[in-house]
Structures are given as C-alpha cells and as structure tokens.
Amino acid sequence: MNFRQFAFNNVKRNIRAYSAYFLSSSFAVMIFFTYAMFIFHPDMTKTQMGRRTQIGMGAAEYVVFIFSFLFVLYSISAFLKARKKEFGLLTILGSEGRQLKRLIFLENMIIGSLSIIAGIACGMVLSKAFLYFGAGVVGVKELPIYLPWKAMGLTTVAFLTLFLVISALTLFFVRQNRVIELLQGGMKPKPEPKVSIWLCLLSVGCFISAFYLMKQPLSQSNMMYILALGLIATYFFFTQISVWTIRLCKRNRSFSWRGTNLLWVSEIGYKIKDNARIFFMITVVTAMSCTVIGIVLSMDQMNKRAFSENPFALTYTVMNEKGENWKKEIDKIDQELKSANVKFEKIQQASIGSQFREAQDRYLPIMKQSEYQHRVDKLNGKKIPTLKTGEALAISHPSINKLNAKQLTLHDGGEVLQVVGQFVEKSIQGGSLVVVSDETYTQLKASRKEKEDVEISYLIPDWSNKELPNSNSTEVKIGKKLIDLHDQATTSGEENGFLSSRADSYLMVKQSNSMLVFIGIFLAAIFSLSSASFLYFKLFTDLNQDQHIIHGLSKVGLSSKEMKRSATIQIAALFFIPMFVAALEAIIGLEALKGTFADLGNTFLPTMTGIGAFFFMQFIYFFIVRAHYLSQLKRVMV
C-alpha cells in the first residue's frame with residue numbers, strides 16, 4: 001500500500017466525521033455552479049431583468065466563495081483537533097512530521113476533489129429544475145438546457161484553488177506536540193469555564209445602547225454603531241452571560257440535584273464556552289438572513305399594497321411645464337388608449353413643494369382645494385370643508401403618522417397655515433400633502449422660487465386595482481407599450497415628462513423581489529446547512545470524551561432513558577440557543593427599521609416567516625444529529 005492509498009483509506013475510515021463536511025462542501029459547490037450556469041447562460045442578456053439577475057448572482061458567487069473558504073478552514077481545523085490521538089499513534093509507529101503534513105494535505109485534497117465532482121454532478125442533474133424556476137424570475141418563457149463548460153471551468157478552478165490554499169494553510173496548524181499530548185487528545189480534564197462580571201455588564205450595556213440607538217433617527221453612522229454594539233453584545237452573551245447563567249443553575253441545588261439535571265448542567269457549561277465562537281457566527285449569520293428575508297417579504301407586501309391603493313393606472317409628471325411639448329406627449333398617450341378601445345378620464349393636478357417646521361422640515365406638496373375636491377369627486381365623492389385664506393387640511397396615508405399640529409409653518413417664507421382638519425387617504429402615494437384654498441395657493445405660488453409640479457393621472461375603470469396583474473394582463477401590455485414609446489422619445493432628447501404605469505411598476509418590483517428570493521433561498525440553505533455542520537463537527541469532536549463519561553456513569557446506574565434525556569437537552573441547547581437569540585435580534589432590528597421606513601408596513605409576520613423556515617430546517621438537522629449521536633453513546637452503555 002503506497003502513501004496515496006493510505007490517505008484514501010484514512011478518508012474512508014473517518015467517513016463518519018467527514019460526512020457532514022463533505023455534504024456541506026458539495027452543496028456549496030453545487031450552488032456556486034448553479035449560479036455560474038445562470039450567469040453564463042446565453043439567454044440571460046435578452047431581458048433587462050436577466051442582466052440584473054446576472055449581476056445579483058455574480059455578487060452571490062462571491063458570498064458563497066468567501067463563506068465556503070471560512071467554512072472549510074474552520075472544519076479542517078476542527079478535524080485536526082479531533083484526530084490528535086490518531087496522529088500520536090502514527091508518530092509512535094515512526095511517522096515524521098513532514099509525512100503527517102503530507103497525509104493531511106492529501107486527505108484534504110481527496111475530499112475537496114470529491115466534493116467538486118459531486119457538487120457539479122448534482123448541479124447538472126438538477127439543472128432543468130433550476131432553469132425552469134429561473135426563467136420565471138428572468139421574465140422569459142424558457143431557459144433551455146445547455147452544456148455549461150464555462151460554469152464547470154470556473155467552479156473547478158475556484159474550488160480547487162480554495163481547497164489547495166486551505167490545505168497548504170492547515171499545514172501551519174499542525175504543531176509538533178509531544179506524543180503523550182497527542183495520545184491524550186481531548187481526554188485531558190478541562191478547567192472550570194471562567195466568567196468575568198465586567199464582561200457580562202459590558203454585554204448588557206452594549207445591548208441597551210444598541211436598543212437606545214434604534215429608537216433614534218437611523219443615520220449611516222448610527223447603523224454602524226448599532227451593528228458594532230450588537231456584535232460585541234452577542235459575542236459576550238455566549239462567552240460570559242450564558243456561562244454565568246449555567247453557573248447559577250449549578251449553585252441552585254434544588255434545581256441541579258433534581259433527577260439528571262446535574263449531569264447535563266455540569267456538561268453544558270463547558271460545551272457553551274467551547275462553542276461560543278460558533279454560536280456567535282451562527283447567530284450573526286441567521287439574524288442577518290432572517291432580517292433580509294423579512295425586508296424582502298415586507299417589500300413584497302408594500303408593493304402589493306401600493307398597487308391596490310393606487311386608483312390611477314397611468315401617471316404623467318410634467319418636468320418642463322413652460323413648454324408645450326408635454327401636451328403633445330399627453331395627446332399621444334390619449335391616442336394609444338383610444339386605439340386600444342380603452343375608456344379613461346384624466347385628472348390634472350398642480351402642487352408646489354415646501355418644507356414645514358412641524359413636519360421635521362420634510363418636503364410636502366401643497367395643493368389647491370378645487371383640484372383636490374375634483375380628484376376626490378372622481379374617486380369616492382367625499383366632500384371636504386370649504387377652506388378660508390390661511391387655512392389648511394393635512395392629508396396623510398394610513399402608514400404615515402398624522403401631522404398632529406394645530407398650525408404649519410413654512411420653512412422658507414415663514415407663512416403660517418392654520419390646520420382645521422386631518423384626513424386619511426390611501427390614494428396619497430407620497431405619504432402626506434397639504435390642501436389650501438385657491439387664494440392661499442396663488443399667494444404661496446407667487447412667493448415661491450420652486451417650479452410648480454404638474455401631474456396628469458389616468459383613471460381607467462376597466463383596469464381594476466382589486467386584482468394583482470400578471471405579464472399577460474391588458475393593463476401590463478398597454479402600459480409597457482406606452483412606457484417604451486415614452487422612453488424612445490426621451491432617448492432622442494425630447495424629455496418633457498416622466499410616465500409611470502401602476503402595473504408595470506408592480507411587476508418590476510415583483511420580479512426584483514423574486515430574483516432576491518431565488519438567490520437568497522440557496523444562500524440561506526448554505527448558511528443553514530453549514531451551521532448544522534459546525535455543530536455536528538463539535539459534537540463528534542467531543543464524542544470520545546462523552547462516551548468515556550457515559551460509560552463510567554452507566555456502571556453506577558445511569559439508565560438509557562436518563563442518558564437520552566441528558567444528551568437531548570445538551571444537543572437542543574447547542575442547536576436552538578443561537579436560533580432564539582438570532583430570532584430576537586432580527587425582530588428587534590426590523591422593528592427599528594420600520595420606525596424609520598414606514599413604508600415597510602408590518603414586518604413581524606414576514607420576519608417570523610423567515611425565522612420559522614430556519615427553525616424548521618434546524619429541527620430536521622437536530623433530529624438527524626440527535627439520532628446519530630445517541631446511537632454512538634448507546635454503544636458504550638453497560
């Protein structure tokens with residue numbers, strides 16, 4: 001048997017420990033290959049969404065590669081620690097340091113090469129399904145299967161380089177320890193986990209500070225402070241507060257001396273301390289993933305709400321009201337609608353924007369009462385009170401806090417408007433507006449330097465906003481045609497206004513969200529599977545020591561049922577403590593964002609959807625690992 005055969009047999013012997021690592025690496029390779037297959041697909045450049053998807057998947061490739069690098073690096077270092085006893089035996093049998101390093105290098109490259117082959121093979125097998133779902137995201141009827149030589153080449157070169165570099169780096173981790181230390185491996189008694197009360201207080205202080213900053217207006221610097229404080233607080237929560245909590249449980253004899261509590265309480269403190277960095281990484285990755293999922297799902301809700309609350313199918317915003325060319329564009333739109341036998345009504349509205357001190361200097365549009373009443377008559381027929389000079393109505397969207405002020409002061413001229421009424425109107429897309437009498441509007445317009453904003457809105461009864469449109473809807477087809485004609489005119493230099501289509505805007509945002517979901521699902525799957533693999537490695541790294549303890553306790557009467565209960569509690573703690581912390585951080589973080597971005601709406605349900613998906617996957621991993629782990633402990637029971 002030559003040295004390469006010896007390395008290959010070593011991999012086969014350690015298949016139990018290597019299995020999760022191999023599966024996770026293969027899965028990462030498969031996702032990387034799938035993204036590359038989309039990027040290099042010849043039909044991806046045929047649509048604008050296809051080009052955007054290429055950019056998104058290109059960014060995702062970097063995320064997958066960087067995460068895979070860290071995952072493989074950590075996994076190999078965990079394996080080296082678990083195999084100290086094996087290295088000690090090989091040293092006794094005459095192996096030199098350079099031979100051990102060569103053995104480790106060959107084993108890593110064997111597993112890496114097999115992972116690349118398995119990942120690309122699985123990607124090819126599932127390519128039809130990936131391309132089928134991807135076609136809907138890109139906005140084409142079909143993405144045909146092709147032979148992705150470029151994707152295969154990129155994936156092979158990228159991951160061969162990754163495994164080669166990491167295999168070389170891990171050689172520096174192999175220390176020339178004494179044989180007795182290698183043979184003892186992880187069987188040496190561990191010292192009591194140390195806790196610093198000051199670091200516990202620092203963690204609590206960072207949590208409180210981050211929560212306080214979330215209640216303040218979110219600037220870029222505030223976001224960075226919140227992120228830094230959250231990371232520090234989370235890290236010391238696992239390294240200090242959790243261990244301190246376990247220590248309190250141990251000191252409470254009425255709890256720790258009940259049943260088998262002493263068994264798992266004594267062990268779990270060491271496990272939490274040993275796995276603190278893993279917990280920290282899992283929590284951060286899961287919290288970020290759940291937050292992103294919550295934002296994407298909230299944006300989807302917001303997009304649906306924006307469509308259903310907008311009564312106008314088309315809106316033309318005049319950019320050069322002094323010229324007459326915009327009127328010609330309006331005539332073209334009218335002609336196109338008439339030629340398609342579409343009945344419509346036009347509502348022209350003018351407004352001037354101004355900052356108000358009581359609205360935190362936000363720009364709000366000011367509209368004359370006659371035009372607003374005409375708009376309301378066409379929509380719901382609601383009558384508004386007649387306004388006198390200097391009086392105003394504050395109109396707000398339901399998602400925006402009302403302007404609870406008895407008067408509004410214009411920032412520039414200092415004019416004061418007396419607020420005589422507050423109304424809520426869903427069709428106000430900008431959030432809020434101020435309605436004044438026609439006389440007041442004329443006075444304000446004369447004193448303002450800013451130009452008057454003019455909008456022409458099209459009310460089309462046949463195009464209902466009660467049902468969400470699809471790519472085959474008449475509203476979408478005609479709206480897209482009108483926008484394409486408008487864009488052609490704009491490209492030729494005739495930019496007189498901006499045309500927006502309610503249905504086209506909805507579909508664009510929907511496709512963007514679908515792209516993010518399509519990319520994010522696979523990234524989340526990698527994060528979830530890798531997190532479970534991290535915990536699997538740590539459990540089986542300590543397996544020999546746990547078997548030694550269980551074997552001894554079974555001699556003095558520990559039953560199989562008690563062993564299962566104790567081990568289950570410890571495994572559940574490892575799997576679910578980081579998940580609960582991540583869930584809380586994601587919920588609190590999104591609630592803070594909701595305070596700043598009111599358009600996000602209800603973020604709780606979307607966030608819980610993401611958290612629920614992660615918990616579901618974690619439950620599956622938990623039961624698989626638990627069954628495997630308990631079977632190993634059962635073997636040593638007397």
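Residue numbers in this text run from 1 along the chain shown.
Note that Cβ sites are derived from N, Cα and C of the backbone, with glycine treated the same way.
What TrEMBL says about this protein:
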- 20-42: transmembrane segment (TRANSMEM)
- 62-82: transmembrane segment (TRANSMEM)
- 63-175: domain 'ABC3 transporter permease C-terminal' (DOMAIN)
- 103-131: transmembrane segment (TRANSMEM)
- 151-174: transmembrane segment (TRANSMEM)
- 195-213: transmembrane segment (TRANSMEM)
- 225-246: transmembrane segment (TRANSMEM)
- 278-299: transmembrane segment (TRANSMEM)
- 323-350: coiled coil (COILED)
- 515-537: transmembrane segment (TRANSMEM)
- 571-592: transmembrane segment (TRANSMEM)
- 604-625: transmembrane segment (TRANSMEM)
For the transmembrane segment (515-537), out of 20-42, 62-82, 103-131, 225-246, most C-beta pairs under 8 A are with 20-42
- Run the contact check on the transmembrane segment (151-174) against the transmembrane segment (604-625): 3 or more C-beta pairs under 8 Å, excluding pairs closer than 6 in sequence. no
Tertiary contacts of the transmembrane segment (103-131), defined by C-beta under 8 angstroms and 6+ residue spacing from its ends, are 3-4, 6-8, 10-11, 18, 21-22, 25-30, 32-34, 37-38, 41, 72, 76, 80, 90, 95, 143-145, 148, 152, 155-156, 159-160, 162-164, 166-168, 170-171, 174
In DSSP terms, the domain 'ABC3 transporter permease C-terminal' (63-175) comprises 92 helix, 0 strand, 21 coil
Same-chain residues at least 6 beyond the ends of the transmembrane segment (62-82) with CB under 8 Å of its CB atoms are 14, 17-18, 21, 24-25, 28-29, 31-32, 35, 104, 108, 112, 158-159, 162-163, 166-167, 169-170, 173-174, 185-186, 523, 526-527, 530, 533-534, 537-538, 540-541
Same-chain residues at least 6 beyond the ends of the transmembrane segment (20-42) with CB under 8 Å of its CB atoms are 53-54, 57-58, 60-61, 64-65, 67-68, 71-72, 75, 79, 111-112, 114-116, 118-120, 122-123, 126-127, 130-131, 134, 143, 146, 148, 150-152, 154-155, 158-159, 519, 522-523, 525-526, 529-530, 532-533, 536-537
